[in-house]
Amino acid sequence: MAQIFNFSSGPAMLPAEVLEQAQQELRDWNGLGTSVMEVSHRGKEFIQVAEEAEKDFRDLLNVPSNYKVLFCHGGGRGQFAAVPLNILGDKTTADYVDAGYWAASAIKEAKKYCTPNVFDAKVTVDGLRAVKPMSEWQLSDNAAYMHYCPNETIDGIAIDETPDFGKDVVVAADFSSTILSRPIDVSRYGVIYAGAQKNIGPAGLTIVIVREDLLGKANIACPSILDYSILNDNDSMFNTPPTFAWYLSGLVFKWLKANGGVAAMDKINQQKAELLYGVIDNSDFYRNDVAKANRSRMNVPFQLADSALDKLFLEESFAAGLHALKGHRVVGGMRASIYNAMPLEGVKALTDFMVEFERRHG
């Protein structure tokens, strides 16, 4: 079968080695004669999977011992509600930084539970979309926490700065599309959450990293399945977890460790982004409208000089084995999502196609 490179924003491409192992084990996992999807989540075999997955995840991100790691349902949108329900305590407001679509979605959900103090960080610099630096973010004195999204998949905007607002500011962040792609200092955050379907594994699993002193503050109306304390007390098994997603994510963690960990991913992701943005910047046929300081390394939106060629570009790229390049309806054009599992070879195939397409149609 011809090599297919999947540039989907999520569910996203998974490492070929991981898929091959899962395929081999699908009907006879661990010598049990059954699939991992069929075994009890409370059986010793799956407990081992769960424990190894958490340990490997902690190792990859150097998660400090005073942080809990939870494997949850509900996706990022579930956490839009879970964060205020768990962290507000007796306060009624929280700071929210708006830098794009997903930050705005979190703000909309938070309004059900508190009065968000919204800081619009979006700005235009030399005609390009950008984000104000953290030094200019205006935070309130009475907020329970500050929330932001480090990587906006739709807008192709990244905030790579490390938060430094002082020890009294609880920082909550949606790392769904950038987790494990580069080193992060977990100790600078109160809550980190990430849907699995981009850099972790298949859809259906969400990972939460929460500082232990923030547990035990959940609103009385918080659903039990979103209560961090309950999930922690039950080892993320308050109800039946998404076991297959948990298992497959564990395989991804082992793949990451075998390939040099997050530091190695950071380097290769930089190479991939530089290659793709280089073709865009050295062309009058393609353009990206994000300021270089805020360009995402995970999600690269770009437009053609003549939008009438969009349909042909998508048809020909698909035929060439370059799939899921259509941009989000909000932005249009094209978008290449190049998460950890996308090899440099895939980005090279895309850039070669782009150069050839421009030669024929530019």
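Backbone N, Cα and C atoms are what each Cβ position is placed from, and that goes for glycine too.
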From Gln138, Gln197, grab the residue that Swiss-Prot records in the same pyridoxal 5'-phosphate site as Gly76, Arg77, Trp102, Thr153, Asp174, Asn239, Thr240.
-> Gln197
Could you state the whole-number distance in Å separating the C-alpha atoms of Gly76 (pyridoxal 5'-phosphate binding site) and Lys198 (N6-(pyridoxal phosphate)lysine)?
-> 12
Listed binding-site residues (Ser9, Gln197), ranked by Cβ neighbours within 10 Å, top entry = Gln197
What DSSP gives for Arg77 (pyridoxal 5'-phosphate binding site), in three states, is helix
Considering the binding-site residues Thr153, Asn239, Thr240, which residue's Cβ sits among the greatest number of other Cβ atoms within 10 Å?
-> Thr153
